[in-house]
């Protein structure tokens with residue numbers, strides 16, 4: 001009986017668990033940088049047909065170094081034979097084969113992009129209901145992440161600018177290669193100028209510096225980054241004229257603003273005195289409550305200036321003309337000009353004047 005019971009227990013005992021199977025191999029990811037290249041060349045593909053014409057290829061890759069003939073040779077070499085169009089996938093494969101030391105860099109960029117997006121999504125969901133301490137930590141981590149990325153970007157931009165300058169070098173007019181124009185805003189121009197300044201912390205091909213910057217250099221880069229942010233803020237507050245579509249204007253004293261343009265030609269021997277008087281006048285005029293904006297431009301080829309004044313209305317401008325500062329400036333004009341000044345006024349709808357205070 002005991003044997004029968006033991007046999008019954010053995011028969012109903014659950015089978016021993018199977019040893020865990022090794023995880024199935026993850027699908028092979030594309031080569032490093034492949035996804036990044038796909039996104040880049042998708043932007044170059046203006047008609048979104050998966051191919052680049054030579055015109056699209058030239059517009060995107062022209063850098064002022066390779067001539068149109070050299071670009072055409074590269075265009076044909078990627079595909080292996082002359083063709084009118086080049087598939088973006090073949091272009092991705094071509095660059096993937098030439099990554100060299102940048103292969104881990106691009107792989108890290110792809111991983112970084114995913115990590116940043118994940119962190120941003122989590123922050124968006126959890127920040128509002130987090131404690132004040134956790135919110136402080138999140139802001140600190142985000143700020144430091146931005147600083148580190150900006151420092152890396154500054155180093156890369158310095159290296160890129162140095163290589164471009166060396167590749168272009170001094171060229172004669174016959175050798176100069178034109179780059180197709182691309183729209184670039186004032187913000188890009190401001191940052192480009194700052195990049196030229198930051199290059200003084202120097203990067204050059206063959207340098208043994210592997211990124212171990214001194215404390216002074218790091219502080220210098222941080223100051224440049226802060227200056228970039230300040231430029232962005234100032235540019236956002238710059239006044240601009242912007243018409244409203246199909247706007248119905250109402251007549252009244254405040255329906256239009258006045259723009260006064262004054263062109264002057266200064267005698268060479270009086271430039272210093274005139275410039276001092278002009279600066280005083282601009283400072284005084286800009287401080288007036290009814291003056292929207294005032295600026296002066298100097299022509300480089302001659303001692304000529306153009307002064308622009310934007311006023312809320314004509315009455316405000318005429319009252320300003322009678323002020324002691326304005327009359328003193330007019331006397332300066334009489335004493336220091338080579339020829340009589342030219343004054344032009346024009347009216348704009350007041351609703352066109354938009355001040356962006358964000």
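Quick reminder: no glycine exception, Cβ is built from N, Cα and C everywhere.
Quick caveat, the model's predicted, so the values are computed rather than measured.
Feature annotations, courtesy of Swiss-Prot:
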type: BINDING; residues: 45, 47, 49, 51, 56; note: Ca(2+) binding site
type: COMPBIAS; residues: 171-181; note: compositional bias 'Basic and acidic residues'
type: COMPBIAS; residues: 197-215; note: compositional bias 'Polar residues'
type: DOMAIN; residues: 258-347; note: domain 'ABM'
type: REGION; residues: 159-215; note: region 'Disordered'
type: REGION; residues: 177-186; note: region 'Required for interaction with APBA3'
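The average pLDDT the prediction assigns to the region 'Required for interaction with APBA3' (177-186) is 44. Over all protein chains present, the Cβ of residue 49 (Ca(2+) binding site) has 12 other Cβ atoms lying within 10 Å. With a cut-off of 8 Å between CB atoms and residues at least 6 apart in sequence, the same chain places 51, 52, 56, 88 near residue 45 (Ca(2+) binding site), listed in sequence order. Taking the mean position of the Cβ atoms of 45, 47, 49, 51, 56 as the Ca(2+) site, the remaining residues of that chain whose Cβ falls within 8 Å of it are 46, 48, 50, 52, 53, 85, 88. Over all protein chains present, the Cβ of residue 51 (Ca(2+) binding site) has 19 other Cβ atoms lying within 10 Å. A count of other CB atoms within 10 A of each Cβ picks out 56 as the most crowded of the binding-site residues 47, 56.
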